[in-house]
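S.K.: If you scroll down you'll find the structure; I have some questions about it.
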Amino acid sequence: MAAGPTTVSLSEIGRYLMYTLFIAAMFILLLPSSNDFAKIGVALYTGIYSVILALYSIPLFFKSVMISETSGTSNFRNEGALYTILNFVPNMIIATVNFISNITGRILAATRLRKSSQVNTLVASYGMVSLAKVVLFVSFALITNDDDSSVHVKAFLDYLAVNMIFHRLIMNADASMKGRGIEQISIMDGLKSFFQKHTRNAKYESARMRLRRTILFVLTLILSFSFIFSTFQIYSSTTKESSLLKGFLPKLFILTDIEFLKTLSFEFGGIDTTFINDCDDSHSKV
């Protein structure tokens, strides 16, 4: 007897993954980095974090298709000097991925190894930055102050740089969705949304989600400069490394990053994956 199709809600998967991520984060935030349970928490946190980042490539793909339909060949628009500075590296990564994919496609097409096909540069760039972010977080978490304090700080600085690129890459895609019926809301509504439950108004919630991302980006930017300033202040003097630099700021970054990750899981809503069991072929189709 053939089994019927099985539908899996991506939002449900994302919700349970976020619950588990919070539990893993508690081990990291409440325990010293040298503790064995904290190391287990890092491993669990990294694994779940990677899965959520991978799942977000699905809604990002749909978003990139809508962007290409409305903006042609250019995904992101120039909106001034500050915009250009903040998005220089993300745009350069996308341009590099696009260049490499075009060259590779032409070479393979010329050698007749395969037909030339279009690579989704936004999703590919997102995958590269996400992988770098996960690797640098693991490096920072595993290289503790007990091993080498300077290497520990440098690893975290690298993580901060990639994290800013990651934020801008996501926010660039949001900016390119302007003019598609997205509501405008006040900053106060965006701040309240951190503590309020979601309403049934999809456009309103999407606008609040985008504003939360902007608020979190500004907060991350401020914390990053605070960490860099504290680092230079310590290494340019004989002052010992403060507890603020050693523990509090990195943990505050993790909390901020989790909040940003919640905005990614918000976009899982409405995406269902259906698995159709084919008994004749003995495999599943998506």
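The first residue you see is number 1, and the count goes up from there.
Placed from the backbone N, Cα and C atoms, the Cβ positions cover glycine too.
From TrEMBL, for reference:
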TRANSMEM  13-31  transmembrane segment
TRANSMEM  43-62  transmembrane segment
TRANSMEM  82-101  transmembrane segment
TRANSMEM  122-143  transmembrane segment
TRANSMEM  155-171  transmembrane segment
TRANSMEM  215-235  transmembrane segment
S.K.: For the transmembrane segment (43-62) and the transmembrane segment (82-101), decide whether they are in contact, meaning at least 3 CB pairs lie under 8 A, counting pairs 6 or more apart in sequence.
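M.R.: They do not touch: fewer than three Cβ pairs between the two stretches lie under 8 Å.
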S.K.: For the transmembrane segment (215-235), find every same-chain residue at least 6 residues outside the stretch whose CB is under 8 Å from a CB in it, and list them.
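M.R.: Same-chain contacts beyond the flanks: 150, 153, 156-157, 160, 163-164, 167-168, 171, 187, 190-191, 241-242, 244-245, 249, 252-253, 256-257, 259-260, 263.
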